[in-house]
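Notes for the one structure printed next.
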Amino acid sequence: MVGLVGGGGWRVGDDAAGGGGGGAVAAGAAAAAEAEHMRRLHSHAPGEHQCSSALVKHIKAPVHLVWSLVRSFDQPQRYKPFVSRCVVRGGDLEIGSVREVNVKTGLPATTSTERLELLDDDEHILSVKFVGGDHRLRNYSSIVTVHPESIDGRPGTLVIESFVVDVPDGNTKDETCYFVEAVIKCNLTSLAEVSERLAVQSPTSPLEQ
């Protein structure tokens, strides 16, 4: 399920592939859809001293529930376990808004200043760039997209999160990607848990997206 990139390519895993012939066909179609989403929406151009990577997550909850969490630029702690507090400067939520995030103990940082680059409710795209903080993730930029899909005949959601970031002095590209991917993987796992809990509390029909 984790994708690792050393210089600009992609390796994306599928954690919802089924077994048997029908499962293989479905998995192939899902992989093709993921590749198209990445080509269209997740194009990064990492420099010589940067790394880029992408992760995917299949969530058993309808896209509107998942997107309601992902789009919460002012409340990332709704699903991100390492965020303890978030304040948006000025209070208004719009492109260019900046948030001050406090990070829980356990990560090599306590604060992060982040700017909203894109929030598209039609295409379900969120893009954020780190512009300050006491971390080492310089020029970090991420894109998160969510896409409706069917999982076991029920409304599900494919989430893709990609990023590009400078490689800190003293670290390799693989080390940098491994660290960032570990954090994103925790976030996506939590996103799935929260979304699926909300889906149980607010059941939808099989055709609702």
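Each Cβ is built from the backbone N, Cα and C atoms, and glycine gets one as well.
If you look up Swiss-Prot, you'll see C51-C177 marked as disulfide bond. In the three-state DSSP reading, C177 (disulfide bond) counts as helix.
The region 'START-like' annotation in Swiss-Prot covers 44-196 and is backed by similarity to another entry.
Per Swiss-Prot, motif 'Gate loop' is recorded for 105-109, and the stated evidence type is similarity to another entry. Nonlocal intrachain contacts for the motif 'Gate loop' (105-109), taken as residues 6+ away from its ends with a CB within less than 8 angstroms of a stretch CB, comprise 82, 133-136, 183.
Of all Cβ atoms in the shown protein chains, 16 besides its own fall within 10 Å of the Cβ of P81 (site 'Involved in ABA binding'). For P81 (among others), the entry in Swiss-Prot reads site 'Involved in ABA binding'.
Applying an 8 A CB threshold to same-chain residues 6+ apart, the list for P108 (site 'Involved in interactions with PP2Cs') reads H135, R136. Annotation source Swiss-Prot lists site 'Involved in interactions with PP2Cs' at P108 (among others), citing similarity to another entry.
Sequence-distant contacts of T172 (site 'Involved in interactions with PP2Cs'), defined by Cβ-Cβ distance under 8 angstroms and a gap of at least six in the same chain, do not exist. The annotation site 'Involved in interactions with PP2Cs' is assigned in Swiss-Prot to T172 (among others).
Summarising the annotation, Swiss-Prot assigns site 'Involved in ABA binding' to V180 (among others).
Of all the Cβ atoms in the protein chains shown, 20 others lie within 10 Å of the Cβ of V180 (site 'Involved in ABA binding'). In the three-state DSSP assignment, the secondary structure recorded for P81 (site 'Involved in ABA binding') is coil. Looking at C177 (disulfide bond) and P81 (site 'Involved in ABA binding'), their Cα atoms lie 19 Å from each other. Ranking the disulfide-bonded residues C51, C177 by how many Cβ atoms sit within 10 Å of each one's Cβ puts C51 at the top.
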